[in-house]
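Asker: The feature active site is assigned by TrEMBL to Asp105, Asp289. Marked as disulfide bond by TrEMBL: Cys118-Cys123, Cys280-Cys284, Cys323-Cys357. Among the features that TrEMBL reports, domain 'Peptidase A1' is placed at 87-398. The transmembrane segment annotation in TrEMBL covers 20-38.
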Amino acid sequence: MLRTRTSLNTRTQERSMKWLVLIGLVAISEGIVIIPMTKMKTLRETVLEEITPKDFLEERSYNLSQETNLDYKFSSHPLRNFLNMAYIINITIGTPPQEFSVIIDTSSSDLWVSFIYCQAPSCSKYLRYNPKTSSSFQSDEGKHIKLTYGSGSITGVLATDTVRIGGLIAKSQTFVLSMNKLSGALEQAPYDGIMGLAYPSLAILGTTPIFDNLNKNGIISEPVFAFFISSWPHKSSLLMLGGVDHAYHKGALKWVPVTEAGLWQITVDRISMNRKVIACSGGCQAILDIGSSYLFGPTDIVRSILRSINPSPLQNEQRLISCHRTIALPPVIFTINGMDYPLTRKYYIQKVSEDICFITFNGGTENLSPPETWVLGDIFLRAYFTVFDRGNNRIGLAPSV
């Protein structure tokens, strides 16, 4: 995702990313204009009603020991799905280890967790790192940091300690201790920080992202990670580090070159439906991002797609459609590197109620460069097992099981 830098006490770095996450039908997006949505209060209330104290207890009881080791340098880690908005993994920091739940993001590169000295009300309900109880903690001379996200910003200080992702140990890992939490929808999420897996060029200047630390020190056997984003309640989503478990995809992986070694950005040949090109007619760019819930594109093009899919919208909201009318909808086909990747209505239509469904196309990317850039979020990643190959600057795609 995008980042900018400013000065704070002459030592501060600011990274800005367009994190596209939705709660109900309200988008959180920095520097992006989302098509206005109306009469959505009921859906938002419905979503928020699902966030109960019982849910938080169940989230917090998640066990690190669930990881599956196929090789001593390759491990597979279960992810928690928070309302289809964010995917969360448990890590530990310090000696003895302090456990934290962090959101996985492929469009930023920094790791941060809440600090014991965070006084924001939202910090009180989650875990906070205490450097005084860790024998491996190293202060980073109190360097002040500001990270700006679409849903707000965090401020904090740099620190260094041992970070563990299951059995993978990143010694002397630099991260940010946050003095506040993000506002908006993410304030409701059961998380203690964010772990970025984008390229090191997006990281705070002078720091090494955790994935690069693991790779550089031979903790993982290959500079590769992969996601299986489950579409089924009984099957856990997974983050694989250092290799690929091929049991989670069908057929051979098809490789696509990365065009932007910062973001995980690729070239899309075209987007079509019913054998008609509906977007990206001359080729365009797309960012694969687990930190984005849905599919994002230029507003005018998305409006046109929505009108063709849904000529009779409900409640004057173009994304709302009668569920019975979705049965005959054709797949949306993304042609990438000469291969077709169809998204059936199972993926791009989501049920709001018994009779009302939601089309998961959203506008707002026209301010990116180039102007026709798409963000292929979790909707796409559920359909396609995705490998992020840093060693060869490429992405591998295959249908998920």
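Glycine is treated like the rest: Cβ placed from N, Cα and C.
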Asker: Quick one: of the recorded positions Asp105, Cys123, Cys280, Cys284, which has its CA closest to the CA of Cys323 (disulfide bond)?
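Answerer: Closest candidate to Cys323 (disulfide bond), judged by Cα separation, is Cys280.
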Asker: If you average pLDDT over the domain 'Peptidase A1' (87-398), what do you get?
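Answerer: Taking every residue in the domain 'Peptidase A1' (87-398) and averaging pLDDT yields 93.
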Asker: Cys123 (disulfide bond) to Asp105 (active site): how many Å between their Cα atoms?
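Answerer: About 20 Å separate the Cα atoms of these two residues.
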Asker: Could you give the Cα-Cα distance between Cys118 (disulfide bond) and Asp105 (active site), in whole Å?
Answerer: 22
Asker: Measuring CA to CA, name the entry from the recorded positions Asp105, Cys280, Cys357 that ends up nearest Asp289 (active site).
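Answerer: So, spelling it out, the nearest of the recorded positions is Asp105.
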Asker: Given the disulfide-bonded residues Cys118, Cys123, Cys284, Cys323, Cys357, which one's Cβ is surrounded by the fewest other Cβ atoms within 10 Å?
Answerer: Cys323
Asker: Give me the CA-CA distance between Asp105 (active site) and Cys284 (disulfide bond), in Å, as a whole number.
Answerer: 23
Asker: Calculate the distance in Å between the alpha carbons (Cα) of Cys280 (disulfide bond) and Cys357 (disulfide bond), and round it to a whole number.
Answerer: 26
Asker: Between Cys357 (disulfide bond) and Cys284 (disulfide bond), how many Å separate their Cα atoms?
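Answerer: Spelling it out, the Cα of Cys357 (disulfide bond) and the Cα of Cys284 (disulfide bond) are 29 Å apart.
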